[in-house]
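The feature domain 'IFT122 first beta-propeller' is assigned by TrEMBL to 65-136, 137-240. Feature annotation from TrEMBL assigns domain 'IFT122 second beta-propeller' to 245-499. Among the features that TrEMBL reports, domain 'Intraflagellar transport protein 122 homolog TPR' is placed at 506-886. TrEMBL lists 939-983 with the feature domain 'IFT122 zinc ribbon'.
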Amino acid sequence: MRAVLTWRDKAEQCIYDLAFKPDGTQLILAAGNRLLVYDTSDGTLLQPLKGHKDTVYCVAYAKDGLWSPEQKSVSKHKSSSKITCCSWTNDGQYLALGMFNGIISIRNKNGEEKVKIERPGGSLSPIWSICWNPSREEHNDILAVADWGQKLSFYQLSGKQIGKDRSLNFDPCCLSYFTKGEYILLGGSDKQVSLFTKDGVRLGTVGEQNSWVWTCKVKPDSNYVVVGCQDGTISFYQLIFSTVHGLYKDRYAYRDSMTDVIVQHLITEQKVRIKCKELVKKIAIYKNRLAIQLPEKILIYELYSDDSSDMHYRVKEKIVKKFECNLLVVCADHIILCQEKRLQCLSFSGVKEREWQMESLIRYIKVIGGPPGREGLLVGLKNGQILKIFVDNLFAIVLLKQATAVRCLDMSASRNKLAVVDENDTCLVYDIHTKELLFQEPNANSVAWNTQCEDMLCFSGGGYLNIKASTFPVHQQKLQGFVVGYNGSKIFCLHVFSMSAVEVPQSAPMYQYLDRKMFKEAYQIACLGVTDTDWRELAMEALEGLEFETAKKAFTRVQDLRYLELINSIEERKKRGETNNDLFLADVFSYQGKFHEAAKLYKRSGHENLALDMYTDLRMFEYAKDFLGSGDPKETKMLITKQADWARNINEPKAAVEMYISAGEHVKAVEISGDHGWIDTLIDIARKLDKAEREPLLMCAYYFKKLDNPGYAAETYLKIGDLKSLVQLHVETQRWDEAFALGEKHPEFKDDIYVPYAQWLAENDRFEEAQKAFHKAGRQREAVRVLEQLTHNAVVESRFNDAAYYYWMLSMQCLDIAQDPAQKDAMLDKFRHFQHLAELYHSYHAIQRYTEEPFSFHLPETLFNISRFLLHSLTKDTPLGISKVNTLFTLAKQSKALGAYKLARHAYDKLQGLQIPARFQKSIELGSLTIRSKPFHDSEELVPLCYRCSTNNPLLNNLGNVCINCRQPFVFSASSYEVLHLVEFYLEEGISDEEAVSLIDLEAPRHKRENKWQEITSNNSQTLRLDETTDSMGDDPFTAKLSFEQGGSEFVPVVVSRSVLRSMSRRDVLIKRWPPPLQWQYFRSLLPDASITMCPSCFQMFHSEDYELLVLQHTCCPYCRRRIDDPSP
């Protein structure tokens, strides 16, 4: 505490009392019989007031209007002794009176005495000054009493004394409180004004005078004190209460109420108060130590525990000795006293261990840490010298010397840099090792390095806080007070008497580092404390600067997985050998939404395709087109294609089709149009496309078929010349006429047409047509299989006429297959077998109809011939479906009817040995009986004649359908089954079919000649031939009657020579022109006048009249069903 004289004046007489105007602007003094009014700001005498004739002992300003001149009467009360002083309580309810006899009387407003306090000194200790404490924070009214027993005492309103009497060692003449009641002023016979705490602890002297001090008062709500003396001197002082405090990292200790010490933890905001009950002169704190200097001793405290947040202190040592020092520093085991130029190191027991003498006044001292007992001190001198001292070393180390005096010092965390504030308010930063001045900044009153960052410091001054990172410009913000510490993002600031921890975002220095692309340093700053926005900005800047490690840490801090994945992918690519930073940066820009910058970088790195992909993925097609400009048409097409893809995905197919067409992506255009059934669009596309573009055209055709427009599909196939697909189209749509027409022009597609056609026919129960189609397609196996199935079905269903037809067709197909040499023999055997079955079923058809139906369509002679033909043919196994019972039954009935009784009897006898159906049982039994009444012979008219040898053959021939004499096979009519007047002949060896036909066609004139037969007998055969060596031609061998009996049982065929062929008439010869490998068969009609017709397809023989009638009935051959309008044989 210091008292600074503001102004002084001198009146002519003793100053007994004074009073301030409530607002503190004016001062009234009682000087003799005059009142003097002064201006408190500069001590100007405003006016003297005259009116009192005697000495004025007391003055006061009216405050609450307790008394006014208008009041008619004033209450008066008697006192037991002379009243020397008085004082009202704060609420104006009680009045304390100090009396000459040493008694204090406390009365209420009515003058009634409530409390009477008798002082121990009695009349020897007159009460010279009393005053109630004006503090409104106190719970009780406290009365301060000063008497001439040289004592200071305190009482409650109840009269109870507070504490003990305080000895003053002088006679007090005046006593007054500060406005808030925290301090007391006392003046008197010691010719000075003393400052006391509210508890009566003397703090110091305000001002020494030349005479007794009769009055002293405090200017309202201020630290100004006015003193009035016996000699008339008026002194106006300003009291300056200096801050007594200490700071180490996050612990701050400061003096409170002059006698208390409060230790504050700046991070946790915890506080602890240590009451010393004496004036605290100096405070020092270091780690777990706290040193407090009192007027007569030094107390050293320590923490109870090593917990960083522990706030419980206990006394460790007391050094009971009075020390005079300017600065106090405490270490782990020592205290350091600074007095002017001298530093003393004392142990906690008070023993001086070491002393250092400086060249100049010590202005600043600070402990900078170190091991216990060997701590280092940083010392700044007035002459600008800065030293480092170790408490265990007698020699000081000069760090550097500057021209100006040191006011404040701090060393960076790594001990590499030193910050100095000089007397010119300049902050200077030095490199400790090189002594180089790194930079300096003006307007600084204190400085502090950041304990967590080497390159950051802050300094205060001029109402601003300045934060400086590295060599960057200073960042300022408003701040009142002094900076005393800087830890991470917290700045510890002392303003007047309060210490506060200010949270300062480190954004500004971080951005300064970012501007210089110093990402790692920026990250260190960010770790001290910045906002999430700043973290993101750091991450982005580091990413753009390709500082992936820093970016990864920053993105981790803001939990941005998207960018972390990007960084991870880039790092993976770098591991694989990619080194193109432009490409990496382009990826970063594209992630940030800086698409145009990304596109430029992609282009610069030679990856235009990535830029296009980026634009198209973002649907920025216009930007993509601008990026391409008038570039590669392929790229433009690709872009339009992607735009179309997008239109397609967002369900705008019309727009997509148009874009695909303009991009040349006809396949996709066709696909969309087809899927949506847009026939018109498909037609336009198909007609505009070149025939070389097969894929889209084929797809058009596919959709035409799918959408049931085969005509457009056919047009498309024709355009591209895909005849095979056209054939398939006709087949699929069953447009058989178009397919057949195409097959005629292009035989190679015959198989592709007829096979499906045959299958379709078969599926539609048109098996005969299907069989023909298979046959036409060359699918003999399928054709045969269909025919076999048809035949079997026909037999099972008793459609024997159809069965005959199918067997004939089977035989013809076997004949076709027989052209293959590998299958010739087997197929020819099958051919003969099927031909035989066809003849059997054809003939049996009449029998079946006769026996099953009520009416018969055949003549009895025909049924008679058919039944005989069947019996002669069924010499071995009976084919499926043919009934011997039916055949014999028919034969028996027709024989009986025609007069062939012998044959009828034979038939009835045969029937007796067979299983007869019930429906025939009676008829057969009756017939068997009645036939016995008939003659035992057959009618001569029914006996068949051999036209070769003119032999009558029996009706029942054991040899079968051959002559019993010459063994010549009979040729039957396929309708009436009569024996035809035909004889088969064979060509002489060496005569081909063509030559034979040409010879027959010559129609040579006939000469009468004698036929000469030549019979040649060999081991295996007999051959009868016409001799042509004689000059005479002889008769025709087919017309000559052969009456002799042929010897031997072997059949001797008729073999003709060229001359005989020449003699034949073309109309008398019938030729069965079998396809190879069969040979043609030649037949000679022996009765030229009886016309015979042969079907050119199946080569069956008919009487011409019968054939014509049947053809008229059926419009086709009754055997092979060849239509009469069919030109093919």
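Heads up, the Cβ atoms here are built off N, Cα and C, so glycines get one too.
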Item checked: the domain 'IFT122 first beta-propeller' (65-136), counted residue by residue under DSSP: helix, strand, coil -> 3 helix, 30 strand, 39 coil
Check: Other than its close neighbours in sequence, what residues sit by the domain 'IFT122 zinc ribbon' (939-983), given a CB gap under 8 Å and a spacing of at least six beyond its ends?
Finding: 842-843, 859, 861-862, 864-866, 868-869, 871-873, 875, 895, 898-900, 902-903, 906, 1038, 1041-1043, 1045-1046, 1049-1052, 1054, 1070, 1083-1087, 1090, 1092, 1095, 1100-1103, 1106-1107, 1110, 1118-1119
Next item on the list: Could you give me the DSSP helix, strand and coil counts for the domain 'IFT122 first beta-propeller' (137-240)?
Entry: 0 helix, 64 strand, 40 coil
Check: Taking the domain 'IFT122 second beta-propeller' (245-499) alone, what is its mean pLDDT?
Finding: 88
Next item on the list: Taking helix as H, G and I and strand as E and B in DSSP, count the residues of the domain 'IFT122 zinc ribbon' (939-983) in helix, strand and coil.
Entry: 3 helix, 8 strand, 34 coil
